[in-house]
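*Asks:* The topological domain 'Cytoplasmic' feature in Swiss-Prot is assigned to 1-5, 68-76, 143-149, 221-253. Annotated transmembrane segment per Swiss-Prot: 6-30, 46-67, 77-103, 117-142, 150-177, 196-220, in sequence order. Annotation source Swiss-Prot lists heme b 2 binding site at ARG68, LYS77, HIS84, HIS157, LYS223. Taken from Swiss-Prot, the feature L-ascorbate binding site covers LYS77, LYS81, ARG150. Among the features that Swiss-Prot reports, Fe(3+) binding site is placed at HIS106, with the record citing similarity to another entry. Annotation source Swiss-Prot lists region 'Disordered' at 227-253.
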Amino acid sequence: MENYPQFLLFFILASVVGIVSIAVALSWVLHYREGLGWDGGAAEFNWHPLLMVIGFIFLQGIAIVVYRLPWTWRCSKQMMKLIHAGLHILAFILAVISVVAVFVFHNAKNIPNMYSLHSWVGLAAVVLYPSQIVLGIAVYLIPVTPVRVRAALMPLHIYSGLFIFISVIAAALMGITEKLIFSLKSPAYKDSPPEAVLVNVLGLLIAAFGALVVWIATRSAWKRPREETAQTLSNNTTSPEEIKVGTDMTTTS
């Protein structure tokens, strides 16, 4: 891999920022909000931001870049496809649970649904995401699609995946801001109480994680090498810094 130390730095940063984001989201709902529950009350709503950060942001981000981890190149391409799809499916399951929690809470409290830009963008991402997963499995995981078709569709697959991921980041930033505006009364959001500061930090962490994932996913020098090259790596002890595969990258990794 070219610039392996740089890749490792960005991946470690992304992982740390993502994990810290989850910790901050958990701290927010446990310390400043009503905790977690499943009774139609505010504690049920709190699953929404927490599971969105864990699933729709962190797990989706890791799923996007998992192909590019050099230590996975010793695994078969089919195995990595299964891991890639599995992470996306798990992220989607958590996202669905979080959306259900919101609707149950809103209906229990007679709060209108689907009126804000946050809800529109967020639901659009939730609807598009399974379509991306199903098409990805049909085209790339099930070995029946011609290689030429897979190669032709790969740019669209990559673009739509990143578009959905960025849309989720945008929806999350709108959502946590909306929650603070509605919830903080005395002191108000504009007075910057500790909860507001904490959640603003969460927003910055989410944005930073998204930026790091997109950067890692769009560096052509960090793509997974061709299958035959990856198999060669599994049979030698060449360090990632010494592996030069810039000219051997496929367009379908």
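The backbone N, Cα and C atoms fix where each Cβ goes, and this holds for glycine too.
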*Asks:* Tell me, roughly as an integer, the mean pLDDT over the topological domain 'Cytoplasmic' (143-149).
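*Replies:* Within the topological domain 'Cytoplasmic' (143-149), the model's average pLDDT equals 92.
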*Asks:* State the residues, same chain only, that lie 6 or more residues beyond the ends of the transmembrane segment (196-220) and have a CB under 8 A from a CB inside it; answer 'none' if no residue qualifies.
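*Replies:* Sequence-remote neighbours of the transmembrane segment (196-220) are 7, 10-11, 13-14, 17-18, 20-21, 24-25, 27-28, 32, 53, 57-58, 61, 64-65, 68, 158, 162, 165-166, 169, 172-173, 176-177, 179-180, 184, 189, 249.
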*Asks:* Is the transmembrane segment (150-177) packed against any residues at least 6 beyond its ends, judged by a Cβ distance under 8 Å, and which are they?
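*Replies:* For the transmembrane segment (150-177), the list is 48-49, 52-53, 56-57, 60-61, 64, 116-118, 121-122, 124-125, 128-129, 132, 135-136, 139-140, 199, 202-203, 206-207, 209-210, 213-214, 217-218, 251-252.
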*Asks:* Per DSSP, what is the residue tally for the topological domain 'Cytoplasmic' (68-76) in helix, strand and coil?
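*Replies:* Split by secondary structure, the topological domain 'Cytoplasmic' (68-76) comes out as 4 helix, 0 strand, 5 coil.
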*Asks:* Using DSSP and three states only, what is HIS84 (heme b 2 binding site)?
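*Replies:* Looking at the DSSP assignment, HIS84 (heme b 2 binding site) belongs to a helix.
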*Asks:* Which residues does HIS157 (heme b 2 binding site) neighbour through Cβ under 8 Å, counting only same-chain ones at least six apart?
*Replies:* GLN132, LEU135, GLY136, VAL139, TYR140
*Asks:* Using a 10 angstroms cut-off on Cβ to Cβ distances, just flag whichever of ARG68, ARG150 is the loneliest among these binding-site residues.
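*Replies:* Ranked by other Cβ atoms within 10 Å, the binding-site residues ARG68, ARG150 bottom out at ARG150.
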